[in-house]
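Read through the structure below, which is laid out as structure tokens, and then see the notes.
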Amino acid sequence: MATLLPPPKRQKVYHGVPEPEKEEPQPTSNIVVQFISEEDGKTLAPPVNIPANVSREGLEALVNKLSKQDEDPVPFSFHVKLPENKDAIPGAPTQVVISKSIEADVLNHPTGDFTTEDVIVVHCSPQSVFRVRPATRCSSTLSGHTSPILCANFSPTGNLLATGSGDTNVRLWDLNTETPSHVLSGHKGWVLCVEWEAMERKLASGGHDGHIRLWDPKTGSPIGDALKGHSKWITSLSWEPIHINPTAPRLASSSKDGTVRVWSTLTRRTEYTLGGHSASVNVVKWGGGSGSKGVLYTASSDRTVRIWDAESGRPLHTLKEHAHWVTTLTLNTDFVLRTGPFDHTGKKPTSDEDAQKLAKERYEALLKTTPELLISGSDDHTLFLWSPFPSSSPSSSAGQQQPNHPVTKPVARLTGHQRQISHVVFSPDGKWAASGAWDNSVRIWEGRTGKFVATLRGHVGAVYRLAWSADSRMLISASKDSTLKIWDLKTYKIKNDLPGHTDEVYCVDFVADKVVSGGRDRTVKIWKN
């Protein structure tokens, strides 16, 4: 039987309307492009001559082809740095993200800095292979707390949420069903901070009563009595990283009484107390740093940031540059340390050793290209980027820091905010940092150099808290103006506005594709796509 050809395609009929003219492809000129890796500044390929209107997807395919890696193609984001312009409006973005093509985004950029004669240097940064969908609507409003919600924290797997409130209770919420799961009562004052152990076996909460309580999240029951020792309220808590101690991680607590205590969860006693600060310690972070047991970073109202060896508690460095209280700290390893062995694939570790191995792999993968960095934010309106352990990463000798650069001097001073800094947070991949302040703005900085990238404006009240999506592509801010805003980091504009709270929003967190927020109106809201 002869092969039957399919019938010819039907011509489109324009009923009574003249057929539109075929659009001629616009003539485009060729340009020379140099692709540079954002991670180490090396060139990915020799300069290539391509048409200016090659789409962003085309550029991505080209870079994957040129860099000759036999793995699966990696998604890239591309940007071009704008030349330093003395007359530019202060606070204007310092780079252009390529979202359509070089022609549309760079050559036709309003500043007119680029022509087809220039060699266009395109910085390529590999993106995460999974993508988080932006939240657009409120899917649940959960009431239960009878006072403002002061802190909210996702569990490492993203299945549970803990919130602490002025009503002295901690509440656990099941995020899969978006329902309340347990009420943890025991504190005698406001609950100021909640922190998950990175294996999700325990939850710690710190209160205005100066006590720290440990809870079993499965049953909602307390693990023993409160840990007592601090003479004033608890300002923050931090667990020992899983890649250092998978079986029984210790807990560090900082307090208004000027001390930091490290507690053993097995004996429930203080292992040691750090007493170097002369005023309230506002934040403690347990980093992987140098040394076998990691390091403790503490920020205090005595204007200093101190770094301690977590094994013995001996002081390593004191960082003195701030002119006012240091109120917030972030590590570029925060996200990896917080989620321990759990990544976006949702695999469960089979044993403690397995968990330690997974957590160590994730931690070391991040440190391949950068040492552990730290940004401190202060009431003096500025932030500082520090690199206290430059030798902890193989790549850091690549000339990012001069060999004689003293460790206790900052890598960069991040200026631009006009009021006190309320929160600073590194993106999960460590490439960006975002800071929110009482001047109603959010600023984005390069995570490795501290260079200013863009200002995100839109809030009409102080920005209290920030959170990144796990793929580092989106940022969400919570503000005094009762809204949450999700920011698009391609255009540096608002992607989604999430109104709905009836009063100030004090806390926000981002897990998988859900956003959770709580605040003065005493409700927990869950937002999703």
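Counting begins at 1 with the first residue displayed.
Cβ from N, Cα, C; glycine included.
When TrEMBL is compared with the stretches 1-28, 253-280, 477-504, the one noted as region 'Disordered' is 1-28.
By the Cβ criterion (distance under 8 Å, sequence gap of 6 or more), the repeat 'WD' (142-183) is not counted as touching the repeat 'WD' (414-455), fewer than 3 such pairs being found.
Residues of the repeat 'WD' (414-455) grouped by DSSP class, helix first, strand second and coil last, total 0 helix, 22 strand, 20 coil.
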